């Protein structure tokens, strides 16, 4: 590759969760070279694919994406340099993958993430030309993810994350404040904090900082309009921490993403989450401090040993709690996890039936909740122009997280992505709202 190229054309693909997106953005910024991002691989100098392998479907998506990319460039006279990184490489190993997919030029294990940039520059035979190598934000000016730690201290019996990502590694306050300032200086309005367990941040640092210490540094930053916390492990939401969040007020938004995984204590014990086996208490604590709280959770249906009685228990729990947002996943046995070899595995048809029943319950909850906003005036962050109707925009109220929740479809004059606007809610649908904005 030409080491004197003024700008390299990069086609970047980030699979999986927002944490992967942050890794991709940090990596591309850390290369310290001028990059032009293009939508298709055909004209790229290099392609970077950051993979996921958390569950079987993520593994399959990673494999399909790599093979499709290889097929897309196969007939080109000048093929792009293909780089594949991330959890998929860490889980299956470069040696095996290199043999199975020889068309990939460079494999990068997620355990070597600190040296990804050096390995890429060496492989491309180029040198950094920038003194400042800040993260490249790819989500526009409305929001950005802030990954505050990697790895996990928990031992959930169904999860591959500790074996792939390792134990907890918190990023320092200085690193995160610097990165946040860089993000906000670009006009971004909302920071969304993510990790395998956001509440665990700082436990591995020398001074055993708690999350409150980090938030004290972030909430005062100029330009921050919203701060959202995702991936909150139930036991990390102590009454003391909730009272702290109440005291700080805006720009923190009382949106709580608390993955409970199940409601029945027997199943939670089998999941290796015995300390989280009273989700009702956690939710009651949240609502006692924040009556206006919006709750998101995720549950796994069809876990080994889940009986019809356990399923009914979970169904009634969801009906009673009325989570505003709910992710429902059918259990998948992941090789190497304790749950994969547990007795009483649930059949696929039963899993899918139970999932469908839970989704029907949640649909009714969501429809009823969203009807309450019709006729009200809300503050919205505008995310994007609608891909099919250029006079329509998509955005979010404070109670909607990017990419995982529903959205607000906005029409009106002089609207721009990245703006905070006031709009009247005109309609509600199953998971989305429709709004009309004022003239600006």
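Placement of Cβ uses the backbone N, Cα and C atoms for every residue, glycine included.
Per Swiss-Prot, the candidate among 52, 152 that belongs to the [4Fe-4S] cluster 1 site alongside 17, 87 is 52. Across the domain 'MTTase N-terminal' (8-125), DSSP classifies residues as 62 helix, 26 strand, 30 coil. For the pair residue 159 ([4Fe-4S] cluster 2 binding site) and residue 17 ([4Fe-4S] cluster 1 binding site), the C-alpha distance works out to 15 angstrom.
Annotated pair residue 156 ([4Fe-4S] cluster 2 binding site) and residue 87 ([4Fe-4S] cluster 1 binding site), C-alpha to C-alpha distance, rounded: 18 Å.
Around the Cβ of residue 87 ([4Fe-4S] cluster 1 binding site), a 10 Å sphere holds 28 further Cβ atoms from the protein chains shown.
Across all of the domain 'TRAM' (371-439), the predicted model scores a mean pLDDT of 96. Residue 17 ([4Fe-4S] cluster 1 binding site) and residue 152 ([4Fe-4S] cluster 2 binding site) have their C-alpha atoms 15 Å apart, to the nearest angstrom.
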